[in-house]
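Trainee: As annotated in Swiss-Prot:
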type     : residues : note
TRANSMEM : 26-46    : transmembrane segment
TRANSMEM : 56-76    : transmembrane segment
TRANSMEM : 84-104   : transmembrane segment
TRANSMEM : 112-132  : transmembrane segment
TRANSMEM : 142-162  : transmembrane segment
TRANSMEM : 163-183  : transmembrane segment
TRANSMEM : 206-226  : transmembrane segment
Amino acid sequence: MVKSMQQIAMTQQKTLDQVRTFMARTYSWMAAGLALTAGVAYLTAQNEGLAMQVASLRLPLMLAQLALVFVLSMFAQRLSAAVAGALFVGYAALTGLTFSALLFAYSPAAVITAFAVSAGTFGLMSVAGFVIKKDLSAMGRFFLFAVLGLVVAMLVNLFVGSSALSLGISMIGVFLFAGLTAYDTQMLRNLALSGISGEQAERASINGALALYLDFINIFLFLLNIGNSRD
């Protein structure tokens, strides 16, 4: 009986260690991606000639970003960890290039404030998603359709040009991606609890980092827009 309880305790501890390792690897990839994006954006903005060239190539760069996200998402199980990592790094760098325009459009104070609030919001919701007992998996379809609805509203506003609609979209966007942060974190935790390991775990941590990275980036962009709307 005692031996059986010890074995159970050892198994539980091993599982907890696997979860910690997996989540730490995921957050490390995400943090590295954000750092790379920030660094590339800053360095690009410091070079006026490069910044102007990037601005002229904005559409091709955005299409390249979409292509990388598509490949990482759709072929996650076929890519090696090395290739997935390289694609993630490439995506973060491309995002940095396109984000360099933000440093011209917004004041340093606005960017720093939005980043700080984004970090706080992301951190709280990620912790909530990790520790909450309620199963959030059923929310997946809701989040999918909510994001699609948000994209449609943003496309409509490109033609309408309503500042009120833009503010409303941004406020909904912050809440939506805050919720997605909790959802994605719980899905990653559950994946780690399933006993995933080796190359498969490495690939999953990179794709998980991409999901969390996108959650953070969207929260940041919507908060920037909210701050700009109130100025």
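Cβ coordinates are placed from backbone N, Cα and C, and glycine is handled just like the others.
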Trainee: Out of 26-46, 56-76, 112-132, 142-162, which stretch has the largest tally of CB pairs under 8 angstroms to the transmembrane segment (84-104)?
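Mentor: Selected stretch: 26-46, with the most Cβ pairs under 8 Å.
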Trainee: Check the transmembrane segment (112-132) against the transmembrane segment (26-46) for contact, please; criterion is three or more CB pairs under 8 Å, pairs 6 or more apart in sequence.
Mentor: no
Trainee: Which bits of the chain, at least 6 residues beyond where the transmembrane segment (56-76) starts or stops, bring a Cβ under 8 A of a Cβ in it?
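Mentor: Residues 84, 87-88, 90-91, 94-95, 97-98, 101, 203-204, 206-207, 210, 214 contact the transmembrane segment (56-76) from elsewhere in the chain.
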Trainee: Using a Cβ cut-off under 8 Å, which residues of the same chain at least 6 positions beyond either end of the transmembrane segment (163-183) come close to it?
Mentor: 121-122, 125-126, 128-129, 132, 136, 139-140, 143, 146-147, 150, 153-154, 156-157, 212, 215-216, 218-219, 221-223, 225-226, 229
